[in-house]
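Notes to accompany the following structure.
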Amino acid sequence: MLIGSHVSMSGKKMLQGSAEEAHKYGESTFMIYTGAPQNTRRKNIEDLNIEKGQQAMKTYGLSNIVVHAPYIINIANTTKPEVFNLGVDFLQKEIERTQALGAKDIVLHPGAHVGAGVDKGIQKIIEGLNEVLTHDNDVRIALETMAGKGTEVGRSFEEIAQIIDGVTHNDRLSVCFDTCHTHDAGYNVKEDFDGVLEKFDSIIGVDRIKVVHVNDSKNLRGAQKDRHENIGFGHIGFDALNYVVHHDTFKNIPKILETPYVGEDKKNKKPPYKLEIDMLKSQKFDPELKNKILTQ
């Protein structure tokens with residue numbers, strides 16, 4: 001099963017450290033940010049320790065890794081040209097880093113229209129992607145399904161389809177299907193996942209899905225909040241998420257957990273990924289999971 005989580009990439013080890021962390025959690029794939037998601041400070045490609053990282057990946061049987069673009073990129077911004085231009089320039093550099101790391105997809109939040117309206121936001125996203133996707137490489141931008149918080153674009157399959165349809169080189173666009181976001185946007189992931197997939201297929205095409213973010217939700221369906229919960233402890237529930245993870249459609253697609261660290265003490269929170277992945281592999285919910293994470 002191709003399953004992993006978000007892991008860190010930092011210090012001198014960089015990609016090698018990411019591979020070691022993923023191996024510690026029993027993963028077969030993983031997702032990384034090339035630096036802090038909240039800023040544009042990045043190391044040079046030659047400082048990412050790629051060769052040793054890829055050797056470690058081979059040793060540990062890790063493949064199909066995914067890069068996530070930082071949150072600060074907002075190519076839907078119609079009011080501040082400097083924000084749009086920063087997003088376009090930085091996204092292009094992130095694509096170069098993604099290619100150097102050997103990843104095929106970089107996940108991107110489509111952006112927020114900051115009050116100009118969805119249609120104007122979508123047109124701006126299309127403009128930005130058309131600038132970025134003229135360069136010659138084979139990295140795909142995976143547009144993430146969003147929860148609809150604030151002025152986010154991409155809360156419906158139709159909005160994502162509109163973006164894809166408007167982009168010239170849209171063979172370089174894929175989709176990252178996030179279970180929490182889709183649930184929070186109002187789709188019935190919990191009780192009718194096949195129905196949700198059928199709708200997605202009719203509007204976008206399931207062959208576009210190249211990454212799945214596997215997250216439970218702290219919120220009721222349709223809340224448009226985007227607050228992740230540990231697997232089985234939220235409003236989607238273990239059975240539905242287990243069904244998603246083992247779905248034939250996603251057999252060869254990286255499934256990435258972005259569930260919250262566990263613990264009340266902010267300085268001593270524990271990563272949940274090893275035990276969550278073990279639980280999904282066994283296909284049996286463990287109500288004591290959070291306590292076990294704290295004592296591991």
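Every residue number used here counts from 1 along the chain in the order it is shown.
Any Cβ shown, glycine's included, is placed from N, Cα and C.
Residues or ranges marked as Zn(2+) 1 binding site by Swiss-Prot: H68, H109, E144. Close to H109 (Zn(2+) 1 binding site) in the fold, though at least 6 residues off in sequence, lie A69, Y71, I73, E144, M146, E152, G154, each with a CB less than 8 Å from its CB.
Proximity of H213 (Zn(2+) 2 binding site) to non-local residues of its own chain (separation of 6 or more, Cβ distance below 8 Å) is seen for V107, E144, C176, F177, D178, T179, C180, H181, I256, L257, E258, given in sequence order. Swiss-Prot lists E144, D178, H213, E258 with the feature Zn(2+) 2 binding site, giving sequence analysis as the kind of evidence.
Of all Cβ atoms in the shown protein chains, 22 besides its own fall within 10 Å of the Cβ of H228 (Zn(2+) 3 binding site). Annotation comment: Swiss-Prot describes H181, D226, H228 as Zn(2+) 3 binding site.
Least crowded of the binding-site residues (E144, D178, D226, E258), judged by neighbouring Cβ atoms within 10 Å of its own Cβ: E258. D226 (Zn(2+) 3 binding site) sits 17 Å from H68 (Zn(2+) 1 binding site), taking the CA atoms of both as reference points.
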